[in-house]
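What follows is a single structure, written as structure tokens, with notes after it.
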Amino acid sequence: MIFQSVPVDLELAIPGNWTLLMILLVVSFLMHIVFANLTIAGAFYAVWNEIRGMVKNNPVYDQLASQSATMTSIFKSIAVVLGVAPLLLVSVLYTQYIYPATIFIGEAWLNLLWILIVAFLLLYLYKFSWNRLKNKGLHLTIGLIGTMMLLIVPLIFIVAVVSMLYPDKWAGAEGFFHSLFYYPQIWQRYFHFILASFAVTGLVMYFWNKRKLTQRTKLHAVDGKDEVAATTENVKEDVKVYEAGKSFGMQAAFWTTALQLVIGPLVLFSLDREVRLLYLGDDVFLTSLLSISTLLSVVLIGMLFMLMKTEAKKWLLSSLTTLVLVIGLMGWMRHEVRESYIDPHRAENPPTIEQQPIQIGDMMIE
Amino acid sequence: MDYPVIEFSLLGNGMVIGLVAFIHVLISHGVAIGGTAMMVSLEYRAYKTNNKRLDQFARTLSKWVLIVTTTAGAITGVGIWFTTMVITPASIGSLLRIFFWAWFAEWIVFVTEVSLLLLYYYTWDKWKGAKKNIHLRVGYALVGFSWLTAAIITGVLAAKLTPGLWTETLSFWNAFFNPTYVPSLLFRTFIAILLAVSFISIIVKMRVKDNALQQEVFGVFGKWMVVTIPSLLIFGVWYLFKIPEQAYDQVIWSTGMEPLVFTTINILGLAVLIIYALWAIKLPKKVPVILVFIVWAASIGFVGEFEMVRESVRKPYVIYDYLYANGIPASKAEEFSEEGFLENWTFATVDEVTEETKYEAGRILYEAQCLACHSIDGWRSRRAFADRVAGWGEDSLADYIETMHISRPFMPPFVGTEEEREALAHYITSEVDQANGEVAKGGDEQ
């Protein structure tokens, strides 16, 4: 097919200050993606720990898995509603790019709907049937299918947001599966995202279980003497679960963040040469962004290591703060990459920023 | 216009949007708005009468409200957007530009609504006794915020048919508070209650064995229906008086029914609702199962009718007076007809009609201008060309296309040169002949 690739923008102007809307896009996307991280890795950890519990015949892991499944069912609801704003903003600001990109993978794009509905329903079933369903194998299968379906979701979104960067390649694209290997960056970005999900969720798991542990032991210390033996037994059980959650979350956060040192550069090298070089010296601002975030990631790994060794509160707080900073910088860079790709096209196909007179009915509206 | 085109031939493009939207309307109105209101009013009643079993029933409802709204409800909501984005990108794109800030506000309301719902569900067992009051307040806030989601999106939906002063001012507020805004919002509010009552009545009849509990629930529902039925009538009529004349004339036609059938069915539907309300108040112990199912069917029928009429009577526009249903701005029609449509369309693979390119040019024109509502073949015979123009011949079809927007006012005009119009007729007739030929052949083989 031969066509001039980027559509003419709509007649109606983009309704707001360009910079403000761009900032809202980056911020709202980050809010959404953190909950998407927690949902996907949460579901994965639930299944993983349920398997560990079955293999080692240890109920502690099973309860830890159940904790992840409950958290996931809450996070996923928030992830979905938080996603409305970034989708709205990207549609309004990048109309000429995101619409063709989704239309080219239209079938996969609409398949997202039933994939998400079925996956979410399965994960509810997984959570609500935890203690009721006696057939553990069946229970695990429900969670496993739900999780596998969730793992497909980011792939479809990534194809959409990557293919919108390559209008020159649109003519050669042949649907979703073809696009998976046709456009650069896709798998690198996918694994970058999945690893980030594991890391963020790991740290949140550590944080959550540490808090619970403190609360539980305090409670127990206050009225422990009067409690009946059974309750003491319960507290002991809970403490075991929280300890396991802390240790699992910490290990997961540390190792997956460390692995990003391999995947991160792969993402960088999947970018077109001209864009990559912007981050490697050609553009002072972008180079600083990349350097600072790389440096902070290394610092984060160090902090996580110290946290593993000492379990000191100061390392937890500093790790969390650094993680938030790194996530913020990554979101910002992701936006800058998109801008670097789209800028040249924008010059030729300008978006409608100022409202020009338009005709409605028989009237010309100034 | 000016976007690539995708065809969902199995259902037809319009049906894909319609299906997702219809499921969403049932859930958003019946569960998120109405269901939440019923759940909280049952909890309130349980609290006031100190009825533990009713409280437990409301709690069970809250679990299902949570599950349904955060899965199929939320995803089909985003789904309307996903489907329109790929099927009618120019329409949804333009609507987003007009109503961006309404949607942005909607986002904040959504996030609050879901947070409140999670809080409401997960604190049911924790906030008991003295704290029950706080739980109820979370419930009231939840009802308020779920209604607010409708109060915002109704501005957008109503403006598609009656943009009002917006067409003169391009002002957001004029578009949002358009002539049908208030009647649609009020009508939708009571539709939501009607749906919720009918859904939950079935659950009560099928799952609740306790007769006293059944009586309690139907008692509450009967009261709600006494307010709902007259409100539906009043706001429905008010709405009809506010829509454009051309649209008003299309109301019965758009349902595909004969006027007598239309009137009879609607009166019967209304009668069923009245019977239900009276029964629930007078004999809440003995509401018949069959009645509950008929009310359920009637309420879904009313919702389907309202949405179908609203979406159909705005034709030929998707944004009245501004954008045609196929995404072409009305203002561009003349310009493109002079210069040629293909010339102006970014994703055209040919830009002029010659003997060699005639078929391909026709295909592009078909995809760009017809596909939003029509298909070559398919199960919706009113929309499928294989049924509508079978045996017409290229020339008569080309002549018809030239004036179809006059003889059929709900059709947008064809936009393009004479050669392009002929190319479109050529493409449609060849495809229709092929489709019908294959059917005939298939029939012979059998």
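Note: Cβ is positioned from N, Cα and C throughout, glycine not excepted.
As the structure is a computational prediction, the values presented were derived from the model and not from experiment.
Pulled from TrEMBL:
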TRANSMEM  A:20-48  transmembrane segment
TRANSMEM  A:74-96  transmembrane segment
TRANSMEM  A:108-126  transmembrane segment
TRANSMEM  A:138-166  transmembrane segment
TRANSMEM  A:186-208  transmembrane segment
TRANSMEM  A:252-272  transmembrane segment
TRANSMEM  A:284-308  transmembrane segment
TRANSMEM  A:315-333  transmembrane segment
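Between the transmembrane segment (A:252-272) and the listed ranges A:20-48, A:138-166, A:284-308, A:315-333, the one holding the most Cβ pairs under 8 Å is A:284-308.
Counted as Cβ pairs under 8 Å, contacts with the transmembrane segment (A:108-126) are highest for A:138-166 among A:20-48, A:74-96, A:138-166, A:186-208, A:284-308. Put simply, of A:20-48, A:74-96, A:138-166, the stretch with the most CB pairs closer than 8 A to the transmembrane segment (A:315-333) is A:20-48. Taking Cβ pairs closer than 8 Å, the transmembrane segment (A:138-166) reaches residues 36, 39-40, 43-44, 46-47, 50-51, 54, 69, 90, 94, 97-98, 100-102, 104-105, 108-109, 111-112, 115-116, 118-120, 122-123, 125-126, 129-130, 173, 176, 179-180, 183-186, 189-190, 193-194, 337-338, 341-342 in its own chain, all 6 or more past its ends.
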